[in-house]
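Over in Swiss-Prot, the protein carries these features:
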| type | residues | note |
| --- | --- | --- |
| COMPBIAS | 308-320 | compositional bias 'Low complexity' |
| CARBOHYD | 146 | N-linked glycosylation site |
| CARBOHYD | 282 | N-linked glycosylation site |
| CARBOHYD | 295 | N-linked glycosylation site |
| REGION | 297-320 | region 'Disordered' |
């Protein structure tokens with residue numbers, strides 16, 4: 001029948017391990033879970049015991065289903081009940097066991113969701129659901145404003161002492177004031193922003209997730225985190241060495257080039273020209289006059305000594 005979408009067909013209804021299934025009307029159903037995007041929770045939906053906004057049971061953990069309040073879905077039998085007529089052999093459970101309909105057509109039993117994590121509710125599924133939701137709520141950095149973190153926090157002071165001041169002990173330092181110097185805004189506001197950025201940061205490392213973008217928060221193993229840190233440290237070191245080599249070559253070229261422009265006027269390709277830390281390709285002139293020129297401003301910004309003589313033409317503005 002049309003319109004069923006991802007309702008499973010008979011042929012593949014039992015293959016739970018598949019990542020994709022063929023639904024009705026040739027609809028392909030992707031069973032891979034989507035990445036969870038956390039956002040601030042409007043309300044605190046759980047506490048240590050259960051769901052804070054769960055339906056509260058009535059007297060004797062039951063609600064009335066008789067008389068004018070009768071609901072067909074919550075009634076065992078009758079003209080509009082679950083069984084239409086006659087009685088049921090067992091008490092049907094609805095909504096993962098939140099509602100239990102009495103086979104005898106007596107009062108409806110409602111599970112106490114506020115006790116989902118305790119033995120007061122005999123429903124493993126609801127207990128697991130509570131544990132999962134609470135874990136998400138607790139892990140959500142946007143829901144944690146860290147208002148308890150301040151310049152008086154001992155752990156933060158110790159981190160500042162070791163990392164910023166590079167000291168083993170505070171000595172005569174006022175660590176509260178030293179900590180305040182580090183932050184331009186309120187400490188708790190800055191900490192919240194940093195934690196949120198760390199939590200949402202994506203990394204791309206060859207040996208993690210086959211080089212694909214991966215949320216940093218999804219890597220709980222400390223050893224693997226240390227390997228990632230070492231990878232980025234080596235990457236920074238390589239880039240620094242490359243930059244130093246280019247600057248050394250540029251400085252040497254400036255010393256040996258007699259024209260005083262580092263050889264800029266000898267370069268005809270725009271890309272090759274602009275890649276030099278002291279040359280700029282002039283895009284503003286006519287095609288006949290386009291050429292590579294020495295750029296004193298760019299040379300200064302890149303730490304290259306400014307040429308003393310410039311016989312081949314110069315470009316003193318920023319790179320164009």
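Note that Cβ sites are derived from N, Cα and C of the backbone, with glycine treated the same way.
Separation of the C-alpha atoms of residue 295 (N-linked glycosylation site) and residue 282 (N-linked glycosylation site): 10 Å, rounded to the nearest whole number. When the glycosylation sites 282, 295 are compared by the number of other C-beta atoms lying within 10 angstroms of their own C-beta, 282 comes out lowest.
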